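The structure appears right after this line, and notes come after that.
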RNA sequence: GUGGGCGUAGCUCAGCUGGUAGAGCAUCGCGUUGUGGUCGCGAGGGCCGCGGGUUCAAGUCCCGUCGCUCACCCCA
């Protein structure tokens, strides 16, 4: 077989990169569980019509087909790989509503697939880590405050391995919609989509687009940009927005509701996670099912990477017509996060394999002695491997060194001139001492690979 | 899906107006007959992405194709 080439958009890490990724996954899971979220996993595929409820994303969905299959692709029976975890979760909630306890707090960490063109930090197969809280019929607003704060904590827990600080930008759909309608713009979706480009193409181009694409007048466009320019981490932004709305005669009931919610979120966040949550009135979010708070998260210093954690409140995503289950949740782009941690060399694993000890093999005849040492160490939860061949000790040490294994264990012997004790060598310092496999302990920091800031 | 850039050793790349494929790093061996990293010497490794064309002669020029990559779209 010719050498395979990498498939663009389907990231695969080397073993030390995977150690970093697993550490991130463990940390997220731990934080989610610390906050009482229960884990679930849903199947990788959903009926196509379910997946398409989200909007015009059909071209991004990977369809499933069998090689042997005839061309009998009945549209309403086609299966597609899920492209996020929110839609499958909504389906899961409806399917199991009778067996679930509400409000339901769940986390879900799985791969998702999108048929996009890959780029730095954008993949076709990637891992998302979601938390959502779903109520039966109603979902109190305070959950819209809690959800981003849990994520702030989860991402904050990763700062010790070298993740830059995060900034969670929040807005509220009711504020945006209330304002736009208040000034006479009804194409709320369209306006949001253009406003979303503000950072990328600048206010002048956005203004143009608002006029040409959304039928706005120059004044309306100017008002939209004025709203989008408002941001801040204290409740002063609420007054600012209201003042702007009043000056345009755009105060609506919807706007007031949204402002009250946004204000409550900012107030709570400034107390529980100071400096992390920032109101930013230009945050739009493309997805059309969000109805209240919307969130987007950037890594400070890596804003160009885009959002690493986004979400919002949705009122009708899970609805069977009779019952609705409003929810709020956020999703961390784990692969985006990990790929940046690795490519920007922000973190490193202390070694590329779990082994803390390599047990040297004196000769193939005496391999059993080395296996016995390994067994004794493993019995006390010390990760160990035995050297692959009875090569010169120099080579066996090199084997350990290349993998970052800190200790090499030399089995002793019993000869005519008496017993020679086992010895263990710290190959970083060169220190070598007598040791007993029944009692020897590595330093706690060497027991398992760790992930640490680099440089 | 649209447009630009790039495909040469495991990796990073050089290869001029066409003339017998190179370097550094990595790997392996030896120096080093039980203890690595440094150093020295040596070795292996290439359908120059693939297909076609021009030419006495193509890694080099032309066309196509595939892949990777960047931007748009969209989004974690």
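Note that Cβ sites are derived from N, Cα and C of the backbone, with glycine treated the same way.
TrEMBL lists A:84, A:85, A:86, A:128, A:132, A:285, A:289, A:290 as L-histidine-binding residues, and of the candidates A:66, A:114, A:117, A:272 the one it assigns to that same site is A:114. A mean pLDDT of 89 is what the model gives for the domain 'Aminoacyl-transfer RNA synthetases class-II family profile' (A:15-354). If you compare every pair of Cα atoms in A:84, A:85, A:86, A:114, A:128, A:132, A:285, A:289, A:290, the residues listed for L-histidine, the longest distance is 21 angstrom. Around residue A:285 (L-histidine binding site), taking its Cβ as the centre, 20 other Cβ atoms fall within 10 Å, counting all chains. Residue with the densest Cβ environment among the binding-site residues A:86, A:128: A:86, by other Cβ atoms within 10 Å.
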